[in-house]
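Student: Could you have a look at this structure, given as structure tokens, before my questions?
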Amino acid sequence: MAPGEEKSLGGSKKRKRESFSTAKGGGGPKSKGATKPHMKGSEKPLKRASEKSIKPGHGAAAADVGGEKKKKKEPKTPRERRLAAKEMSESRKRKRKPNYDLERDLALLWEKMRCYNISKEERSKFVTQALQKMNGKFLEIAGSHVSARVLQTCIKYCSQSERDSIFDALRPHFLTLIRKKYAVHLVKKLLDTATKKQLEWFISSLHGHVASLLRHTVGSAVVEHVFHLANGCQKQSLLMEMYSTELQLFKDLTVANTGRLVDIISKLGLQKSSVLQHMTLTIQPLLEKGIVDYSIVHTALIEYFTIADKSSATDVIQQLIPLLVQGSSVSDESEPLTAPDLSKKNKSKKKRSAEPLLVRMMHSRDGLKLGILCIKHGTAKERKKIVKGMKGHIRKLAFDQYGSLLLICILSIVDDTKLVTKIVIQELQKMLKELVLDKNGRRLLLQLLHPQCPRYLSPDDLACLNYDVPSLALQESQSESQGCSDNKVDTSNHNKNAEECEKTTQLPVGSKKDPSLRRHELLVDSALAESLFETCIANVGELLRSNFGKEVIYEVAVGGSEGVLQSLSDKTDALHEAIASLAAVPKTEESEEEHVLENFHSSRTIRKLILDSPNFAAALWKTALQGKCDIWAQGHSSKVIAAYLESSDPRVREVAKLELQPLVDRGTLKPPPPRIIR
């Protein structure tokens with residue numbers, strides 16, 4: 001407080017006391033002339049000084065005045081408080097986000113344009129309005145969390161000319177955008193809708209940056225995405241940058257040459273050692289970061305193994321095996337979902353990150369080859385870790401195109417049959433019927449019943465199962481040939497030829513157990529065969545009429561290859577009786593299902609059983625066909641009847657000859673062609 005104010009305040013207190021005493025007693029002295037002007041001049045300073053000196057709580061009048069002022073500023077009702085909080089929040093967002101008003105308008109348009117119950121004209125109108133608002137600000141919007149989604153929806157529904165204008169506006173900034181968290185989804189959407197020229201330009205813009213982008217957490221997803229969209233020549237141009245520095249510097253070399261890495265080295269005259277060194281430097285960071293669940297990385301590793309020496313190949317495989325069991329640190333970048341679906345998206349991400357890398361790699365054939373190499377060339381302890389890491393994922397692998405082949409490799413190589421029974425076989429027993437009727441699942445059962453049969457596995461599948469690293473296969477082929485010659489000396493009484501020896505030693509590389517013993521332990525000792533017999537008997541009609549189930553029931557009915565089910569002859573006879581009883585059901589027009597002797601799949605399966613199983617042929621003749629051949633001598637069922645005359649077993653031919661020969665003589669049944677014995 002100023003000194004002048006202190007004096008005026010003291011004087012005012014004195015005058016107040018004097019005026020109070022005068023009012024009481026009326027006899028106080030009064031100053032002439034100067035009193036009134038002094039009082040008039042000091043009234044205003046006195047008020048200001050008194051207001052400043054009195055604090056809240058020191059006087060009731062001062063507290064009331066301050067409270068009234070505060071109450072006027074503060075909102076009284078809850079609605080006013082909400083509006084005030086909203087205004088404050090929006091003012092803060094405007095200061096923090098320069099395009100806040102634009103993002104708010106775009107979000108409103110986004111809610112309208114992505115509805116499914118509006119017409120195309122209305123949606124195109126909303127899309128055009130949104131693009132007009134975004135014109136000139138595409139780069140800023142691409143990195144925004146909300147606006148980037150609006151732009152993705154616009155790209156999805158806009159015209160081709162509008163899409164081209166967006167692509168041209170963002171073209172100079174693609175290498176920057178593919179490294180941003182939210183812009184990467186916009187780039188993917190542009191690539192999905194891009195023309196051939198635009199895709200070709202984008203791939204050419206990645207030249208020299210492929211290796212560095214693969215090491216980037218976000219950018220690697222874009223490289224993988226464009227690798228799936230590219231054609232064969234474009235894929236090769238992306239891969240060649242991982243092969244050699246010369247191919248990075250000289251772009252024309254990647255366009256003019258396509259093919260395997262070994263052929264490229266010979267055509268261009270590159271040094272194999274320098275290429276191997278460059279690929280090692282490129283692949284090593286990917287292995288350290290765990291970025292091995294992309295198709296382009298799988299293909300690069302497979303090409304690396306074609307030129308790698310024994311030590312380099314072994315080192316990479318030893319680095320891969322620990323990664324297969326544990327989850328990768330890199331999560332897949334995918335297109336963001338709407339707000340209600342975010343919880344589901346988070347759950348799916350957590351579930352996927354919990355899966356071992358080996359399961360996530362089973363989306364490409366090259367990924368399958370890498371998994372097979374790790375199982376073949378790993379130690380017994382490492383194989384056990386791989387099998388234990390697959391616990392809880394057997395169902396997903398069993399019904400997958402490549403995952404089922406990986407399980408076939410495990411069933412054929414891993415010697416610890418108790419562990420395989422506990423983790424794999426017991427899980428398969430819970431879903432036997434689904435496996436039998438599934439295109440991919442049935443192959444696991446067929447591998448145990450008839451290993452590596454070309455009737456059930458395609459040439460590409462067999463090539464994957466028998467794939468090996470050239471430098472490692474050279475040493476193993478020498479040891480296998482020595483082992484095969486030893487087997488010939490020890491088992492000369494069995495008269496095994498060289499082809500059979502090669503066939504049995506073709507798949508197992510690191511296995512030491514006899515393949516037939518392993519099959520018996522996994523199929524018979526684990527009680528899988530008994531469960532399989534029960535499933536076939538309970539669903540005999542459905543399996544016979546099924547395109548995939550017929551193959552399993554055929555192998556079970558004939559006892560498997562090499563008599564693996566010979567110890568369960570009573571179960572085999574029961575299955576024969578079940579099929580014969582179903583065939584003995586009379587044909588009626590009221591039946592909804594086609595008779596098993598007239599159905600396309602079941603008639604051919606029964607015909608094969610007659611040709612390959614004399615016991616089944618005798619049971620079927622006795623139960624269903626004896627004395628009824630006239631009924632079944634036409635249509636698909638005629639092939640079943642004619643199979644008795646084609647059988648290589650003379651007992652089967654003699655049983656049916658008396659009844660079938662008159663049908664052949666009358667021309668009702670066509671004479672069968674001579675059976676070719678292989």
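Cβ coordinates come from backbone N, Cα and C, glycine included.
Per TrEMBL, the features are:
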REGION    1-98  region 'Disordered'
COMPBIAS  40-54  compositional bias 'Basic and acidic residues'
COMPBIAS  75-91  compositional bias 'Basic and acidic residues'
DOMAIN    111-452  domain 'PUM-HD'
REPEAT    133-168  repeat 'Pumilio'
REPEAT    169-204  repeat 'Pumilio'
REGION    331-354  region 'Disordered'
REGION    478-513  region 'Disordered'
COMPBIAS  487-503  compositional bias 'Basic and acidic residues'
Student: If I take every residue in the domain 'PUM-HD' (111-452) and average their pLDDT values, what number comes out?
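Tutor: Averaged over the domain 'PUM-HD' (111-452), per-residue pLDDT gives 86.
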Student: Under DSSP, the repeat 'Pumilio' (169-204) has how many residues in helix, strand and coil?
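Tutor: Counts, helix then strand then coil: 28 helix, 0 strand, 8 coil.
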Student: Could you break down the residues of the repeat 'Pumilio' (133-168) into DSSP helix, strand and coil, giving a count for each?
Tutor: 27 helix, 0 strand, 9 coil
